[in-house]
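Database features, via Swiss-Prot:
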| type | residues | note |
| --- | --- | --- |
| SIGNAL | 1-26 | signal peptide |
| TOPO_DOM | 27-194 | topological domain 'Extracellular' |
| CARBOHYD | N78 | N-linked glycosylation site |
| CARBOHYD | N130 | N-linked glycosylation site |
| TRANSMEM | 195-215 | transmembrane segment |
| TOPO_DOM | 216-253 | topological domain 'Cytoplasmic' |
Amino acid sequence: MGLGRGQSPLLMALLLLLACLQMGMSLERISYVPQLSSATLAGRLTQSTFTLEQPRGQFSHPSISDSDAIWLVVAHSNATQKFTAPQKVEDTPVPADFPQRGYYLTLRASRALYPGGPPSNQLRVLRVGNDTRCSPRTRGCNRPLPGPGPYRVKFLVMSDRGPMAETEWSSETRLQQAEVLQAAPGPQTAGTVVIIAILSVLLAVLLAALLALLIFTWYDTCGSTPISGPGELVFVRKYDTHHMSRPSTVGGS
């Protein structure tokens, strides 16, 4: 009994250390780097989305089952070092946590959706940020990305007991940016400003003169043209010419 009492603190420490080591070793590393889709694919990069190749055949390890969830971790490039895999599904970060944490989980799937084997003719890609209707507080929501990045992603396998395996982080991905129209290079001199002002005034005077000319022409045309009313009548005098008059009868025969 005395021996057991003296060894109990040491035994508890060893068990705690063993549990920590087991948790640290349970996360299997998958030597796969997520890749962007082919450069020939339309919409590969937009202002709020990007497209990945599906990780086909990368989750065939015996420790991974068909019921395990495969998440895509989306992170700011400078937040990958502080990423911590959630221990429970309830602790999964959502897009609403992105500004504070710098990462979230989305596009939940299973390994049955990423089978191995030869590639087929079907287009198999993952479009990140493609769902505009889901709430950013919904677990697994695939909301449009909030800025140009850069972003990095990886796949995380989770079971009911916690995280099981993860892939490598991808390289940095930068989204397209809206082009902003810029003025001509170089400062505008005072002479340029004066010339622009004079041309603007001359254009206004020319338009005013043209408008006045049109109005004057319209009034002049309407005032000089006689317009007969519908009630005016035209009388034509009837007369006979002398050579058309009938000769009178002279005497009886």
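Using the three backbone atoms N, Cα and C, a Cβ is placed for every residue, glycine included.
Fewest Cβ neighbours within 10 Å among the glycosylation sites N78, N130: that distinction goes to N78. Calculated from their C-alpha atoms, the gap between N130 (N-linked glycosylation site) and N78 (N-linked glycosylation site) amounts to 23 Å.
Classification of N130 (N-linked glycosylation site) by DSSP places it in coil, neither helical nor stranded.
In this structure, N78 (N-linked glycosylation site) is part of a helix by DSSP.
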